[in-house]
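**Q** I'd like to ask some things about the structure below.
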(Lines of atoms letter the chains of each structure in order from A and count residues from 1; the text may use other names and numbers.)
(Lines give C-alpha, C1' and ligand atoms only; values in the text may rest on other atoms or scores of the structure.)
Protein backbone atom coordinates (compact mmCIF):
# COMPACT_ATOMS: atom_id res chain seq x y z
CA UNK A 1 0.00 0.00 0.00
CA UNK A 2 2.99 2.28 0.52
CA UNK A 3 3.83 2.18 -3.21
CA UNK A 4 0.42 3.58 -4.19
CA UNK A 5 0.55 7.36 -4.56
CA UNK A 6 -2.59 9.33 -3.73
CA UNK A 7 -4.12 11.38 -6.55
CA UNK A 8 -3.24 14.65 -4.81
CA UNK A 9 0.39 13.75 -4.01
CA UNK A 10 1.73 15.57 -7.08
CA UNK A 11 0.14 18.80 -5.92
CA UNK A 12 1.76 18.43 -2.49
CA UNK A 13 5.20 17.84 -4.04
CA UNK A 14 4.93 21.02 -6.06
CA UNK A 15 4.55 23.17 -2.92
CA UNK A 16 7.41 23.73 -0.50
CA UNK A 17 6.73 22.14 2.85
CA UNK A 18 8.17 24.02 5.86
CA UNK A 19 7.43 23.80 9.59
CA UNK A 20 6.05 27.33 9.50
CA UNK A 21 3.68 26.40 6.67
CA UNK A 22 2.48 23.29 8.53
CA UNK A 23 1.76 25.36 11.62
CA UNK A 24 -0.18 27.89 9.52
CA UNK A 25 -2.21 25.12 7.85
CA UNK A 26 -2.95 23.51 11.21
CA UNK A 27 -4.00 26.79 12.72
CA UNK A 28 -6.20 27.62 9.75
CA UNK A 29 -7.95 24.24 9.82
CA UNK A 30 -8.31 24.20 13.59
CA UNK A 31 -7.34 20.50 13.70
CA UNK A 32 -4.74 18.85 15.91
CA UNK A 33 -2.21 16.27 14.73
CA UNK A 34 -4.50 13.47 15.89
CA UNK A 35 -7.45 14.98 14.00
CA UNK A 36 -5.31 15.45 10.88
CA UNK A 37 -4.43 11.74 11.11
CA UNK A 38 -8.16 10.95 11.22
CA UNK A 39 -8.86 12.91 8.03
CA UNK A 40 -5.84 11.74 6.07
CA UNK A 41 -6.78 9.63 3.04
CA UNK A 42 -6.16 5.88 3.16
CA UNK A 43 -5.97 3.36 0.33
CA UNK A 44 -8.74 0.81 0.99
CA UNK A 45 -10.18 -1.75 -1.49
CA UNK A 46 -8.42 -0.22 -4.54
CA UNK A 47 -9.72 3.30 -3.76
CA UNK A 48 -8.58 6.31 -1.75
CA UNK A 49 -10.97 7.01 1.12
CA UNK A 50 -11.09 9.95 3.54
CA UNK A 51 -13.36 11.49 6.14
CA UNK A 52 -14.63 15.05 6.16
CA UNK A 53 -14.91 17.16 9.36
CA UNK A 54 -18.69 17.17 8.91
CA UNK A 55 -18.76 13.35 9.16
CA UNK A 56 -19.06 12.51 5.46
CA UNK A 57 -17.01 9.69 3.94
CA UNK A 58 -15.51 10.43 0.51
CA UNK A 59 -14.12 7.97 -2.07
CA UNK A 60 -11.88 8.84 -5.02
CA UNK A 61 -13.51 7.29 -8.13
CA UNK A 62 -12.75 8.18 -11.76
CA UNK A 63 -10.58 11.15 -10.70
CA UNK A 64 -13.46 12.64 -8.70
CA UNK A 65 -14.17 12.58 -4.96
CA UNK A 66 -17.61 11.09 -4.35
CA UNK A 67 -19.55 10.73 -1.10
CA UNK A 68 -20.19 7.17 0.12
CA UNK A 69 -23.93 7.01 0.78
CA UNK A 70 -24.56 3.24 0.90
CA UNK A 71 -24.79 2.10 4.53
CA UNK A 72 -23.16 -1.29 3.81
CA UNK A 73 -20.20 0.33 2.05
CA UNK A 74 -19.76 2.87 4.87
CA UNK A 75 -19.76 0.12 7.49
CA UNK A 76 -17.20 -2.02 5.61
CA UNK A 77 -14.89 0.93 4.82
CA UNK A 78 -15.12 2.23 8.41
CA UNK A 79 -14.12 -1.17 9.76
CA UNK A 80 -11.12 -1.41 7.42
CA UNK A 81 -10.23 2.22 8.20
CA UNK A 82 -10.15 1.53 11.96
CA UNK A 83 -8.04 -1.60 11.45
CA UNK A 84 -5.44 0.34 9.44
CA UNK A 85 -5.39 3.18 11.95
CA UNK A 86 -5.02 0.73 14.83
CA UNK A 87 -2.13 -0.98 13.05
CA UNK A 88 -0.40 2.39 12.53
CA UNK A 89 -0.91 3.73 16.06
CA UNK A 90 -0.54 0.60 18.20
CA UNK A 91 2.03 -2.18 18.37
CA UNK A 92 3.40 -4.74 20.83
CA UNK A 93 7.15 -4.98 21.53
CA UNK A 94 8.38 -7.80 23.77
CA UNK A 95 4.94 -8.14 25.34
CA UNK A 96 4.61 -4.38 26.06
CA UNK A 97 1.76 -2.53 24.34
CA UNK A 98 3.00 0.72 22.81
CA UNK A 99 0.97 3.60 21.38
CA UNK A 100 2.14 6.37 19.05
CA UNK A 101 2.11 9.80 20.70
CA UNK A 102 1.80 12.53 18.00
CA UNK A 103 2.86 15.22 20.50
CA UNK A 104 6.23 13.75 21.42
CA UNK A 105 6.54 11.75 18.17
CA UNK A 106 7.38 8.62 20.18
CA UNK A 107 6.08 5.14 20.90
CA UNK A 108 4.99 5.13 24.55
CA UNK A 109 3.50 2.43 26.79
CA UNK A 110 -0.27 2.65 26.94
CA UNK A 111 -0.24 2.63 30.75
CA UNK A 112 1.50 6.02 30.83
CA UNK A 113 -0.98 8.90 30.87
CA UNK A 114 -0.52 12.62 30.20
CA UNK A 115 -0.11 13.49 33.91
CA UNK A 116 2.78 11.07 34.26
CA UNK A 117 4.54 12.48 31.17
CA UNK A 118 4.01 16.07 32.36
CA UNK A 119 5.52 15.34 35.81
CA UNK A 120 8.41 13.44 34.27
CA UNK A 121 9.29 16.20 31.82
CA UNK A 122 8.90 18.88 34.52
CA UNK A 123 11.35 17.08 36.85
CA UNK A 124 13.92 16.00 34.31
CA UNK A 125 13.28 18.39 31.43
CA UNK A 126 13.93 15.73 28.79
CA UNK A 127 11.37 13.65 26.93
CA UNK A 128 12.52 10.08 27.30
CA UNK A 129 12.35 7.88 24.20
CA UNK A 130 10.76 4.63 25.38
CA UNK A 131 11.15 3.06 21.93
CA UNK A 132 14.89 2.65 22.63
CA UNK A 133 14.32 0.44 25.64
CA UNK A 134 15.94 -2.92 25.06
CA UNK A 135 14.35 -5.77 26.95
CA UNK A 136 16.76 -8.61 27.41
CA UNK A 137 15.17 -11.95 26.86
CA UNK A 138 16.00 -14.67 29.35
CA UNK A 139 18.56 -17.06 28.04
CA UNK A 140 17.10 -20.52 27.87
CA UNK A 141 19.72 -23.24 27.83
CA UNK A 142 19.38 -25.30 24.71
CA UNK A 143 19.81 -28.97 25.26
CA UNK A 144 22.14 -30.55 22.84
CA UNK A 145 20.26 -32.92 20.64
CA UNK A 146 21.51 -36.41 20.57
CA UNK A 147 22.89 -37.37 17.25
CA UNK A 148 20.54 -39.73 15.52
CA UNK A 149 22.07 -43.10 15.27
CA UNK A 150 22.15 -44.39 11.78
CA UNK A 151 19.87 -47.40 11.50
CA UNK A 152 21.27 -50.46 9.85
CA UNK A 153 19.40 -52.58 7.35
CA UNK A 154 18.88 -55.41 9.85
CA UNK A 155 17.55 -53.04 12.52
CA UNK A 156 15.14 -51.41 10.09
CA UNK A 157 13.78 -54.81 9.03
CA UNK A 158 13.38 -55.81 12.68
CA UNK A 159 11.49 -52.58 13.49
CA UNK A 160 9.09 -53.16 10.59
CA UNK A 161 8.40 -56.73 11.77
CA UNK A 162 7.61 -55.48 15.26
CA UNK A 163 5.22 -52.84 13.91
CA UNK A 164 3.38 -55.45 11.86
CA UNK A 165 3.04 -57.72 14.89
CA UNK A 166 1.44 -54.98 17.01
CA UNK A 167 -2.25 -55.73 17.56
CA UNK A 168 -4.50 -52.68 17.10
CA UNK A 169 -6.69 -51.67 20.01
CA UNK A 170 -10.06 -53.35 19.87
CA UNK A 171 -13.38 -52.57 21.47
CA UNK A 172 -14.91 -49.19 22.27
CA UNK A 173 -12.69 -46.11 22.60
CA UNK A 174 -13.93 -43.17 24.67
CA UNK A 175 -13.96 -39.94 22.67
CA UNK A 176 -12.61 -36.95 24.60
CA UNK A 177 -14.70 -34.33 22.76
CA UNK A 178 -18.21 -35.73 23.06
CA UNK A 179 -20.66 -33.96 20.74
CA UNK A 180 -23.65 -36.31 21.13
CA UNK A 181 -26.62 -36.05 23.48
CA UNK A 182 -29.11 -38.69 24.60
CA UNK A 183 -32.76 -37.57 24.81
CA UNK A 184 -35.46 -39.50 26.71
CA UNK A 185 -39.23 -39.19 27.34
CA UNK A 186 -39.95 -38.15 23.76
CA UNK A 187 -43.56 -38.31 22.49
CA UNK A 188 -44.35 -41.62 20.82
CA UNK A 189 -45.78 -39.98 17.68
CA UNK A 190 -42.53 -38.18 16.81
CA UNK A 191 -40.61 -38.80 13.59
CA UNK A 192 -37.03 -38.07 12.48
CA UNK A 193 -37.86 -34.73 10.82
CA UNK A 194 -39.58 -33.35 13.92
CA UNK A 195 -36.73 -34.58 16.13
CA UNK A 196 -34.15 -32.93 13.87
CA UNK A 197 -36.04 -29.61 13.80
CA UNK A 198 -36.30 -29.63 17.61
CA UNK A 199 -32.60 -30.40 18.22
CA UNK A 200 -31.38 -27.85 15.65
CA UNK A 201 -32.25 -25.06 18.10
CA UNK A 202 -28.96 -25.64 19.95
CA UNK A 203 -26.50 -26.02 17.09
CA UNK A 204 -25.59 -27.52 13.75
CA UNK A 205 -26.23 -31.25 13.54
CA UNK A 206 -23.41 -33.37 12.14
CA UNK A 207 -23.94 -35.33 8.91
CA UNK A 208 -22.71 -38.74 7.87
CA UNK A 209 -19.69 -38.32 5.55
CA UNK A 210 -20.73 -41.26 3.35
CA UNK A 211 -24.43 -40.55 2.72
CA UNK A 212 -24.66 -36.89 3.81
CA UNK A 213 -27.59 -37.59 6.15
CA UNK A 214 -27.97 -35.98 9.62
CA UNK A 215 -26.60 -38.05 12.51
CA UNK A 216 -29.81 -38.40 14.50
CA UNK A 217 -31.49 -41.60 15.61
CA UNK A 218 -34.81 -42.54 17.18
CA UNK A 219 -34.68 -45.90 18.95
CA UNK A 220 -37.55 -48.19 17.89
CA UNK A 221 -39.13 -51.46 18.95
CA UNK A 222 -39.02 -54.63 16.88
CA UNK A 223 -42.32 -53.67 15.23
CA UNK A 224 -40.99 -50.23 14.25
CA UNK A 225 -42.76 -48.14 16.89
CA UNK A 226 -40.85 -45.36 18.67
CA UNK A 227 -39.52 -46.20 22.15
CA UNK A 228 -39.39 -42.57 23.27
CA UNK A 229 -35.63 -41.97 23.29
CA UNK A 230 -33.12 -40.85 20.70
CA UNK A 231 -29.62 -39.58 20.01
CA UNK A 232 -28.40 -36.41 18.30
CA UNK A 233 -24.79 -35.64 17.31
CA UNK A 234 -23.70 -31.99 16.94
CA UNK A 235 -20.69 -30.55 15.17
CA UNK A 236 -19.39 -28.46 18.07
CA UNK A 237 -19.03 -29.57 21.74
CA UNK A 238 -20.50 -26.21 22.79
CA UNK A 239 -23.85 -27.30 21.36
CA UNK A 240 -24.00 -30.12 23.92
CA UNK A 241 -23.70 -27.65 26.82
CA UNK A 242 -26.35 -25.44 25.23
CA UNK A 243 -28.73 -28.39 24.80
CA UNK A 244 -28.24 -29.41 28.45
CA UNK A 245 -29.05 -25.89 29.67
CA UNK A 246 -31.96 -25.12 27.31
CA UNK A 247 -33.65 -28.36 26.23
CA UNK A 248 -33.24 -30.42 29.39
CA UNK A 249 -36.53 -30.26 31.26
CA UNK A 250 -38.40 -28.49 28.45
CA UNK A 251 -41.71 -29.65 27.00
CA UNK A 252 -42.05 -31.09 23.52
CA UNK A 253 -45.55 -31.92 22.27
CA UNK A 254 -46.79 -32.29 25.84
CA UNK A 255 -43.86 -34.42 27.08
CA UNK A 256 -41.20 -33.17 29.50
CA UNK A 257 -37.96 -34.42 27.93
CA UNK A 258 -34.59 -35.15 29.54
CA UNK A 259 -31.27 -34.39 27.83
CA UNK A 260 -27.88 -35.75 28.95
CA UNK A 261 -24.48 -36.39 27.35
CA UNK A 262 -24.43 -39.61 25.35
CA UNK A 263 -22.36 -42.51 26.69
CA UNK A 264 -21.54 -45.49 24.48
CA UNK A 265 -21.16 -48.98 25.91
CA UNK A 266 -20.34 -52.29 24.30
CA UNK A 267 -23.21 -54.79 24.34
CA UNK A 268 -22.11 -58.38 23.95
CA UNK A 269 -18.85 -59.45 22.35
CA UNK A 270 -16.80 -57.18 20.11
CA UNK A 271 -17.29 -58.02 16.42
CA UNK A 272 -14.61 -56.48 14.16
CA UNK A 273 -16.76 -57.20 11.08
CA UNK A 274 -19.34 -54.63 12.23
CA UNK A 275 -16.76 -51.88 12.59
CA UNK A 276 -17.09 -49.18 9.93
CA UNK A 277 -14.20 -48.71 7.59
CA UNK A 278 -12.18 -45.58 8.26
CA UNK A 279 -12.27 -42.66 5.87
CA UNK A 280 -9.26 -42.06 3.70
CA UNK A 281 -7.20 -38.92 4.20
CA UNK A 282 -8.73 -37.33 1.10
CA UNK A 283 -12.30 -38.20 2.16
CA UNK A 284 -11.72 -36.86 5.66
CA UNK A 285 -10.24 -33.63 4.30
CA UNK A 286 -13.19 -33.12 1.94
CA UNK A 287 -15.67 -33.83 4.75
CA UNK A 288 -14.02 -31.33 7.12
CA UNK A 289 -13.93 -28.65 4.41
CA UNK A 290 -17.65 -29.07 3.75
CA UNK A 291 -18.37 -29.01 7.49
CA UNK A 292 -16.34 -25.84 8.05
CA UNK A 293 -18.16 -24.06 5.24
CA UNK A 294 -21.23 -23.95 7.48
CA UNK A 295 -19.41 -21.69 9.96
CA UNK A 296 -17.49 -19.66 7.38
CA UNK A 297 -18.37 -16.00 6.92
CA UNK A 298 -19.39 -15.04 3.40
CA UNK A 299 -20.07 -11.45 2.34
CA UNK A 300 -23.52 -10.48 1.18
CA UNK A 301 -24.11 -10.76 -2.52
CA UNK A 302 -24.41 -7.45 -4.41
CA UNK A 303 -27.81 -6.28 -5.58
CA UNK A 304 -26.97 -6.87 -9.23
CA UNK A 305 -25.73 -10.43 -8.58
CA UNK A 306 -26.98 -13.07 -11.01
CA UNK A 307 -26.42 -16.81 -10.66
CA UNK A 308 -24.22 -18.70 -13.08
CA UNK A 309 -27.27 -20.60 -14.37
CA UNK A 310 -28.48 -17.41 -16.10
CA UNK A 311 -25.65 -17.88 -18.63
CA UNK A 312 -27.72 -20.72 -20.13
CA UNK A 313 -30.63 -19.91 -22.46
CA UNK A 314 -33.57 -22.31 -22.74
CA UNK A 315 -35.33 -22.45 -26.14
CA UNK A 316 -38.74 -24.15 -26.28
CA UNK A 317 -40.76 -25.16 -29.33
CA UNK A 318 -37.77 -25.87 -31.56
CA UNK A 319 -39.10 -29.26 -32.76
CA UNK A 320 -41.82 -31.84 -32.20
CA UNK A 321 -41.50 -35.48 -31.24
CA UNK A 322 -43.09 -36.51 -34.58
CA UNK A 323 -40.39 -34.66 -36.50
CA UNK A 324 -37.70 -36.24 -34.36
CA UNK A 325 -39.11 -39.73 -34.96
CA UNK A 326 -39.37 -39.25 -38.73
CA UNK A 327 -35.84 -37.91 -39.14
CA UNK A 328 -33.10 -39.68 -37.17
CA UNK A 329 -30.51 -37.06 -38.14
CA UNK A 330 -32.63 -34.11 -37.01
CA UNK A 331 -30.94 -33.83 -33.62
CA UNK A 332 -27.49 -33.36 -35.16
CA UNK A 333 -28.85 -30.90 -37.73
CA UNK A 334 -30.56 -28.79 -35.05
CA UNK A 335 -27.41 -28.72 -32.95
CA UNK A 336 -25.37 -27.43 -35.88
CA UNK A 337 -28.02 -24.88 -36.91
CA UNK A 338 -28.43 -23.35 -33.44
CA UNK A 339 -24.69 -23.40 -32.85
CA UNK A 340 -24.26 -21.04 -35.82
CA UNK A 341 -27.40 -19.02 -35.08
CA UNK A 342 -26.64 -18.33 -31.41
CA UNK A 343 -22.97 -17.57 -32.13
CA UNK A 344 -24.15 -14.20 -33.50
CA UNK A 345 -24.90 -13.00 -29.95
CA UNK A 346 -21.80 -14.24 -28.10
CA UNK A 347 -19.41 -17.09 -27.47
CA UNK A 348 -21.36 -20.37 -27.38
CA UNK A 349 -19.87 -22.90 -24.98
CA UNK A 350 -22.36 -25.73 -25.41
CA UNK A 351 -25.59 -26.63 -27.24
CA UNK A 352 -27.77 -29.51 -26.01
CA UNK A 353 -30.80 -30.89 -27.89
CA UNK A 354 -33.23 -32.84 -25.67
CA UNK A 355 -34.72 -35.10 -28.36
CA UNK A 356 -37.15 -36.86 -25.96
CA UNK A 357 -38.62 -33.69 -24.44
CA UNK A 358 -42.21 -33.08 -25.67
CA UNK A 359 -41.67 -29.30 -25.48
CA UNK A 360 -38.86 -29.42 -28.04
CA UNK A 361 -36.18 -27.98 -25.72
CA UNK A 362 -32.72 -26.83 -26.78
CA UNK A 363 -30.30 -25.18 -24.30
CA UNK A 364 -27.47 -22.84 -25.28
CA UNK A 365 -24.72 -21.91 -22.78
CA UNK A 366 -22.80 -18.61 -23.03
CA UNK A 367 -19.77 -17.29 -21.17
CA UNK A 368 -21.65 -14.48 -19.36
CA UNK A 369 -25.18 -13.26 -18.67
CA UNK A 370 -24.94 -10.26 -21.02
CA UNK A 371 -24.60 -12.54 -24.05
CA UNK A 372 -27.45 -14.75 -22.80
CA UNK A 373 -29.72 -11.70 -22.34
CA UNK A 374 -28.98 -10.55 -25.90
CA UNK A 375 -29.83 -13.99 -27.29
CA UNK A 376 -33.13 -14.02 -25.37
CA UNK A 377 -33.99 -10.58 -26.67
CA UNK A 378 -33.37 -11.62 -30.30
CA UNK A 379 -34.94 -15.12 -30.19
CA UNK A 380 -37.89 -14.87 -27.80
CA UNK A 381 -41.28 -14.88 -29.62
CA UNK A 382 -39.57 -15.09 -33.03
CA UNK A 383 -40.23 -17.51 -35.89
CA UNK A 384 -37.28 -19.79 -36.66
CA UNK A 385 -37.88 -22.40 -39.41
CA UNK A 386 -41.61 -21.92 -38.98
CA UNK A 387 -41.51 -22.46 -35.20
CA UNK A 388 -42.44 -19.76 -32.64
CA UNK A 389 -39.74 -19.97 -29.97
CA UNK A 390 -39.90 -19.22 -26.24
CA UNK A 391 -36.51 -18.11 -24.84
CA UNK A 392 -35.67 -17.50 -21.17
CA UNK A 393 -32.85 -17.95 -18.61
CA UNK A 394 -32.37 -21.32 -16.96
CA UNK A 395 -33.09 -21.26 -13.21
CA UNK A 396 -30.49 -23.94 -12.45
CA UNK A 397 -33.09 -26.43 -11.15
CA UNK A 398 -35.32 -27.44 -14.08
CA UNK A 399 -34.52 -30.81 -15.70
CA UNK A 400 -35.26 -31.21 -19.40
CA UNK A 401 -34.09 -34.78 -19.97
CA UNK A 402 -37.14 -37.07 -20.23
CA UNK A 403 -36.58 -40.77 -19.65
CA UNK A 404 -38.30 -43.10 -22.11
CA UNK A 405 -41.00 -45.34 -20.63
CA UNK A 406 -41.21 -49.04 -21.35
CA UNK A 407 -44.32 -48.56 -23.51
CA UNK A 408 -42.63 -45.86 -25.57
CA UNK A 409 -39.59 -48.08 -25.98
CA UNK A 410 -41.69 -51.01 -27.23
CA UNK A 411 -43.60 -48.73 -29.61
CA UNK A 412 -40.34 -47.33 -30.98
CA UNK A 413 -38.90 -50.81 -31.53
CA UNK A 414 -42.07 -51.96 -33.30
CA UNK A 415 -42.06 -48.89 -35.51
CA UNK A 416 -38.42 -49.46 -36.44
CA UNK A 417 -39.23 -53.14 -37.15
CA UNK A 418 -42.05 -52.20 -39.52
CA UNK A 419 -39.80 -49.72 -41.31
CA UNK A 420 -37.11 -52.37 -41.74
CA UNK A 421 -39.64 -54.90 -43.08
CA UNK A 422 -40.98 -52.31 -45.54
CA UNK A 423 -37.48 -51.67 -46.83
CA UNK A 424 -36.90 -55.42 -47.31
CA UNK A 425 -40.15 -55.77 -49.32
CA UNK A 426 -39.15 -52.90 -51.60
CA UNK A 427 -35.77 -54.50 -52.23
CA UNK A 428 -37.37 -57.86 -53.10
CA UNK A 429 -39.90 -56.30 -55.48
CA UNK A 430 -37.10 -54.44 -57.22
CA UNK A 431 -35.11 -57.64 -57.73
CA UNK A 432 -38.13 -59.64 -59.01
CA UNK A 433 -39.07 -56.87 -61.46
CA UNK A 434 -35.60 -56.99 -62.97
CA UNK A 435 -35.80 -60.77 -63.52
CA UNK A 436 -39.18 -60.50 -65.36
CA UNK A 437 -37.84 -57.94 -67.73
CA UNK A 438 -34.84 -60.07 -68.61
CA UNK A 439 -37.06 -63.16 -69.33
CA UNK A 440 -39.28 -61.12 -71.63
CA UNK A 441 -36.28 -59.94 -73.55
CA UNK A 442 -35.08 -63.51 -73.96
CA UNK A 443 -38.44 -64.74 -75.26
CA UNK A 444 -38.76 -61.93 -77.74
CA UNK A 445 -35.25 -62.49 -79.02
CA UNK A 446 -35.90 -66.24 -79.47
CA UNK A 447 -39.15 -65.65 -81.43
CA UNK A 448 -37.37 -63.24 -83.73
CA UNK A 449 -34.72 -65.88 -84.46
CA UNK A 450 -37.33 -68.51 -85.39
CA UNK A 451 -39.01 -66.15 -87.87
CA UNK A 452 -35.68 -65.46 -89.55
CA UNK A 453 -35.03 -69.24 -89.94
CA UNK A 454 -38.46 -69.78 -91.58
CA UNK A 455 -37.82 -67.00 -94.06
CA UNK A 456 -34.45 -68.52 -94.96
CA UNK A 457 -36.09 -71.97 -95.62
CA UNK A 458 -38.80 -70.41 -97.81
CA UNK A 459 -36.21 -68.65 -99.94
CA UNK A 460 -34.26 -71.88 -100.37
CA UNK A 461 -37.35 -73.79 -101.65
CA UNK A 462 -38.10 -71.01 -104.17
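From the backbone N, Cα and C atoms, a Cβ is placed for every residue, glycine too.
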**Q** I'm validating the feature mapping. Which of 115-142, 143-170, 171-198, 199-226 is tagged region 'Disordered' in TrEMBL?
**A** 143-170
**Q** Residue list, the compositional bias 'Basic and acidic residues' (404-421) vs rest of chain: Cβ under 8 Å, 6 or more residues beyond ends.
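**A** Same-chain contacts beyond the ends: 325, 356.
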**Q** Looking only at the compositional bias 'Basic and acidic residues' (404-421), how are its residues distributed among DSSP helix, strand and coil?
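**A** Once the DSSP states are binned, the compositional bias 'Basic and acidic residues' (404-421) shows 16 helix, 0 strand, 2 coil.
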**Q** Could you give me the DSSP helix, strand and coil counts for the domain 'RRM' (179-264)?
**A** 20 helix, 30 strand, 36 coil
